[in-house]
Structure formats: structure tokens, C-alpha cells
Amino acid sequence: MGDGQTLGSPHRGGTLRLTASSSGGTLDPQINYTSEYAQLFTVLYDGLLNFRKADDRTSDEVVPDLAETVPQPEDGGRTWRFTLRQGVRFSTGQEVTVADVAASIRRLFRVGSPTAGSFYGAIVGADICLRDPAHCTLAGGLKVDPATREVVFHLSQPDAEFPQKLAFPHASILPANMPDHDLGNVPAPTTGPYRFISYDPDRGAVLERNPFFHVWSADAQPDGYADHIRYDFGLPDEAAVTAVENGQYDWMFDMKPLDRLGELGARHTRQVHLRSLYGFYYVPMNVNIPPFNNRMARQAVNRALDRRAMTILYGGAAVAGPLCTMVPPGISGALDECAHTVGADPDHPAPSWREADLEGARRLVTASGTAGQKVTVVVQNTAVEMSMGVWLRNMLQAIGYDASVKPLAHSVQLGYIQNTSNHVQISLSDWFADYPSASNFLDDLFGCENFHPGTDNSINIAGYCNKEAQAAMDAAKQETDPARAAELWAQAGRIITRDSPAAPAIRINYIDLVSSRLGNYFYTDLYHMIFSQVWIQ
Amino acid sequence: MTAPTASSSLSAPRPAGPWRRAGRRLARDRAAMVALAVLLAVTAACLLAPVYARDVAHTDPFTSNVAGSVTIDGRSVDIMQPNDNPLHLGLSPIGPTWHASADLLGADSQGRDLAARLLYGGRTSLLISFCAAALCIVLAAIVGIVAGYAGGIVDAVLSRIMDIMWAVPVYLFAISLSIVTVSQGLKLGPVAIASDNLLIPICIIALVYVPYAARPVRGRVMSLRRAEFVTAARALGVPGYRIVLRDILPNVTGTLVVLAPLMMALAMMAESALSFLSIGVQAPGASWGTIIEDGEGLIYTRPMVAIAPGLAIVIVVLALNVLGDGMRDALDVRDSGRERA
């Protein structure tokens, strides 16, 4: 089935049953920013480009999807010229046209997509669209020609990662007549192998085959095996594990509870899949309020953070490992060194993390003059993160602070810690790459443009802005030579490591649990299990 | 004539007071004595928690120790142990070692000594339940005596307030109050109580159980108000407050004393429930309820973390109920009423 077709396969058919503890928010693929729905959208929607659907490292590569090819940039990286495929239809039967492409890219700004500025802000005219979304035209930045099916993007500055950004679900192509507001619970017509039959955020979604789908690129969007996909919401994680073990569901979205890992590894070995993930846990520290407006205080936390303990709390070496830098290993630009461990410092980093340096941390806290200050760690109230939060509180007390933990519900914690009005000093958060690039970690989390005081949409949680680091990151984003870009990212990474606006804690792996009847487990780094490619008969 | 009389009067044994006789009756109640012994033993063990943690277990039960180890029979054993499965998935805290110096009952998910935490948690649970029961009894006595003695509009208002409080399920009431106070603490004019202060669960638990204790007190006071000695005192012009203090209060003391262990048992269960829901005792403090909460995530791998505090609650609550029954039998309210009258 290398051509992406499933017709005639003995594995074609059946209903794939999925479960999650809750829905993932809006169904608008240009707005939703959750991994839960990105995984679903990848079998529903297509962009001009896509990430390869391959069960290996090549899944990080960008391949043409609705565009015929991945073009080479022109004009020193400022112009990208695409040709739209012919004959692709939406699930309504309507053919995808360049007008749909133009409207979809403009809609990104009109609906206030969370990545409109950070991903697509380089398009000429984007600055006007960001200021006045309702009248966004992207004049001069986006040109289409219906006769030749050509779509041309003009950028105000080179962007080496523009193809990855166009492959991200926010750049999905929707019909031109989609409203300029969040679709909420109303699904948009799809181009992928499935379409919605029904959706209720309290109960679940039911998908069926898109009758207008045909395989135009096996790499970007292969056909699906299951006839139907039923995604139920509301089952808590513990119950979901039992349900998948018993074959009542084929797959569960939520993290597997720590107390069930032993049982899963012992009794359901063949149903468990351990895969790598471009993600980590880290400890952002607010650089604008005491005590972490003092660099020595932040460095103290970095030195005291016992990454081994955090690994244990997350589930052990099989699912996590110590992390010393803010770009996880395996990504170009990641630093292969550790500045904050016993016997090392930012000027003399060790090759890897050795152990926590509590004595050194205490000295730094004393020298900073912040000892004895009240510090509150804000964490999610899930079991794993509460455990880590309790550990962090103990660590902060051990180095001289009067520490406490504030657990918040999963649904509110991320917004709460981003908003400067809440005066969060230190928190625990996870972060996953939208695509494998150092920019997804350094620029997103520490870029000056991602600090928006007083809003819940300020992913630079630390409120960090260093002109020298920003200049290196800006240069790296425009650099088309991968080696030079990696050097620039490493340069920015070292500045950030020295300033310590956050303490990297652990890199994590992905644990998937599937039913015993599910075959052809198919995983990509960015979207995890691909629903269209697994067999349930 | 007078001398022999006086002599016989002096040599005659003085009749034992009602409290002394109640004490003797209670002492003859074996079940109540066993319950009292159990309670004293548990209390003593909990009071010795710092000694156990420092000198026996050599551990700080409030500090995470996930990367630590203990020595058992000369061998160093990691506190968090890899699960025995082909995928090496997950770790579990060490189970009971039955070595007092090395995690006797095992460790919790933070690698902390469960036995030491159990003793420290017991101190908190016993303190809260004792203080909450005492406060509840005092409030109930005030409300019950005022309502029962004053009667009329005062009784009607207080009784309706008690009825409204009674109508709300007690745990729902306590949870609602706790959720508000646990997030913001409590501010009463110039007095501010932090959200992690034990006074908050104590006050909440005491408050929600006031109607349960005030009702029997009110009923007893209403019957005493019509008693001959009270009528006589009134006829002699004794002020109302003196009648309450000298005649009413001593006669409801038995009722209050009988209620005390039962209220303490109820308070302990309420505290455990609130702490289990994370709205009672706040970290880094520990109570038996918070330890059960810690054990919830380990129920499949280390059930002892939840079972041990659960068992402790069962034992203490059972002992309090048995002791309460014994005290009720020993301090029969009708007897004391006859004696005083």
C-alpha cells in the first residue's frame, strides 16, 4: 500500500474508537492550538504543504500537499511561489481553488490565529492585518492567479522556516466562504480522507469517509483504513486505561497515570508504544518580579534542580531524561553541554548533567540577597505535575526560600502563568514543538515579541527580553544556511542559559496505549498516532 | 444529744458525686476502657512523631526524597524502584520493609517515610478533630441554652437558622466553605487567617456540626426550664444569667460531655474528607486525609499508602464511638437530673 491507497486492503473498514477526558476546544483548525486536535486535524485538513506521514524520522520533513511541489525560495528567501494541485475537492464537493488559499491565509489574521504574528508575520502586509484584522487583505504579500493556479507569497524578510509554517495546521486551506470568526463547534468542510458527521464538545465527535477524497500525495495525505472514527470525551484517564486494556476503546489521548505504568509494561507490553517526542518540562521564572528578577536567584534554581528526581517523578528513565538546555537534543542548534550542574558553570559547562548542586545554589541565593522571600510555584493539579510541584517547593525551601505550591486546574494553569497580572513568580510547564526547530523553543519561549504583559497569550512566560539573544535569534530565523543557523541558535541558547529565565528540567517520551485489536501502529514525531493509518480489522 | 449525732454525721461516708459515680461506671465498662486505651495509645504515638522521625527513621517526612535510598540489612536500596516489566515503565516507591529505621511502612510518591508521615498526620487529624469538637460543643451549648431558656422569638430565630443549616448536607456545606477559604484565606475585619492555617478547617468543621449538637442541648434546657428548682429560683428573684450558670449549665454538662467524643469522631471524618479533596489541611502539612489523597495515585502499586491512614481513621473513629457510648451510659442524663433536683 505504498501508494497511499487502502481500497482493496483486507484492513480497510471498521470503526476506530478513541477516547479523551475532555474535548480540545474550538473546531476551527486555524485557531485551535492543542495537540489533541492537531492530531485529529491532520487527517481532516490539508495545507499547501504538510509534514510527511511516515513512521520514522522523515516525518519531520515538509512535503507538498495541496501544492504540487515545495518550491525553492526566490529573491533571497523573500518570495515563495506555489502551484495549487488540480482536482482536489472539499467534503462538500466544491473544488479547492487559489481563491480558497488566499482567503484562508487572510483568515488567519482575520480570526486572530494564535500564530498569525509569530508564524506568518513576515508576509508583506501582515503588520497591517495584525493591527486591523477585519480589513486584512495582505495586499502585496499574497498574490494568486486562477489561470495558472499560482500562489505567491512575498515576505518582508527572509524566513528559512516558512515551509514548516505553511505545513502547520493553522495554515489549513478552507473554503473561501468561511466566516471571519471562530467556528466554535461547527466543523469546516475538509479535504482529507475523513469528514465530520457530528460533534458535541461534551460527548464526542463522529467522523466518516470524505466521499470526495482521493489520494494525490501518499506522503502528505494517504487514504484512511477505518471507515468511521468515533472520538468520545469524558472518560477520566484511569478509566480510559482500563477501557483500552479491555478493548472498549482502541486508543486514549490522555497521559497514562503513573500508577498504571507498571501494569501496562508488564501485562500489555504489545499494546504499549514508546516513542520520542520534541517536548520537555521546564521551570519558567518571572524575570520582572522578585526574587527572580535577580539573575543569581534564577541560576540558583537551575543549579538546585535535580533532573534525576524530576525524571523519577515523571515515570523513570524509559519515559524521561535530564535536560540541561532549552532546545532538546536532536534538534539543530541544541547545545550539547550543561552549565548548571556540579563542577560546571556557564563559562565552563560540563558535557552532560551530573547532579544537583544544592550548596552552590544556596551560596547564590545568599549572594543574591533574596533568601527568605516568599515564593509560590504554580503547577497543574494533575498527579504528575503536583508531584513535581511538591518537589520544587521542597527544593526552593532547601535553598533558602519560603516556598509554597499553588495547584490550578489543567484548563486554566497555562493561561494563568502567562498573565503578568497574576504575578506568578515561578511555575512548571511543558512545551512541545510545532515543528522540529530551535526557533520553536528559544524564540517562542524567550523571544521579545512573544511577551505580552497583562494577557493570557504571552507564551514568553518568564517575560524575558535580551537584545543580544534576540538579535542572534532573528538572524538565525533568516539564515538559509543550516550550519550557520545552528551556530546562531547555539549562540542565543548560551546567552539564555547564562541569564536563566527558565530551568530546563526533563525531556520526555511519548507513551501510547492501544487496544489489542489495533494493528499497523503508525507514529509521526509531530502528530503522534496517525488515525488514518492504523488497522482495526 | 448533739455530740453523738454530730459524730455519726461526721463518720458517715459522704455520698459520691455524680461525676465520680459516672467515672466508676465508665471504668467498669470494658469496651469503653479498651477504646480509651486505644485512643491514648494512638495519641501518644502521634505526639512522639518527631522522636520517631529523628531518632528511629532518621528522616524528614516533609521533604521529597525520590532520588534517595535506604539501607536494609546492610544493602542500599533505592526508595523509588523501577517496576519489573520488559519496557521498564514507571517507578514505584518502596513498599513496607518492616524495618523501623528504613521506611517501616514504605514510602509515598515523593519518597517520604510513610510511617513518619502517618504519625505527623495523626497529630494534625487529632488536633483538628479535638479542637473542632470542642469549639462545636461550646457554640452548640451557647445556641442551645439561649434558645431553650429564652424561648419565644429568640428560640424561633435560632431554631430556624439551625434548621436551615441542618437542611444543607453537612459535607456539601463544609466543602463549599472550604473551597472559598482555601483559595483566599479568611478575613474577619482586622483578623486575617492564611489559607493553610489549621484554624480554617477547625472553624468550618465546628460550624457545620453546631446544629447536630445544639438540638439535644436545646431540648434538655427546655425541659430543665420547667423543672421545680428553676421555677423556685425564679420565684426567689434569682437573675436569669445566674439560673443559667448555676442551675441550667451544670445539668446540660452531661449531655455535652456525652456529645464530645461523638462530635470528635464526626470531625475527624469531615477533616479527612476535606483534606482528601485538597481543601482541608494544606501542603506541606499532612493529615490522614492528605495521606490517603497521596495514596490514591498508588492504589494499584502501593496500596499501603492509602490503607494505613484509612485504617488509622477507622480505629480512632471506632474508639471514639465506643467511648461515647460508654460515656452516655455512665453519664445518664435523667440520673443526673434527678440527683440535682
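In case you wondered, yes, glycine gets a Cβ from its N, Cα and C as well.
TrEMBL entries are annotated by machine, without manual review.
Annotation comment: TrEMBL describes B:1-20 as compositional bias 'Low complexity'.
Taken from TrEMBL, the feature domain 'ABC transmembrane type-1' covers B:122-324.
What TrEMBL records for B:1-22 is region 'Disordered'.
Through the fold, the transmembrane segment (B:126-152) approaches residues 42-43, 46, 158-159, 162, 198, 201-203, 205-207, 209-210, 212-222, 224-225, 240, 243-244, 248-249, 252, 256, 259-261, 263-268, 270-271, 280-281, 287, 316 of its own chain, all at least 6 residues removed from its boundaries and within a Cβ separation under 8 Å. Here TrEMBL flags B:126-152 (among others) as transmembrane segment.
Long-range neighbours of the transmembrane segment (B:164-186) within the same chain, counting only residues 6 or more positions beyond its ends whose Cβ lies under 8 Å from a Cβ of the stretch, are 192-195, 197, 199-201, 203-205, 207-212, 270, 273-274, 277-280, 282. If you look up TrEMBL, you'll see B:164-186 (among others) marked as transmembrane segment.
According to TrEMBL, the feature transmembrane segment maps to B:198-217 (among others). Here the transmembrane segment (B:198-217) has Cβ contacts under 8 Å with residues 124, 127-129, 131-133, 135-137, 139-141, 143-145, 147-148, 158, 162-163, 165-166, 170, 173-174, 177-178, 181-182, 185-186, 252, 255-256, 259, 263, 266-267, 270-271, 274-275, 280-281, 285 of the same chain, all six or more residues outside its ends.
Annotation comment: TrEMBL describes B:248-270 (among others) as transmembrane segment.
Summarising the annotation, TrEMBL assigns transmembrane segment to B:304-324 (among others). Panel annotation: around the transmembrane segment (B:304-324), residues 31-32, 34-36, 38-39, 42, 93, 95-96, 105-106, 108-109, 114-115, 118, 121-122, 125-126, 258-262, 264-265, 268-269, 272, 288-289, 291-292, 294-296, 298 of the same chain, lying at least six beyond its termini, place a Cβ under 8 Å from a Cβ of the stretch.
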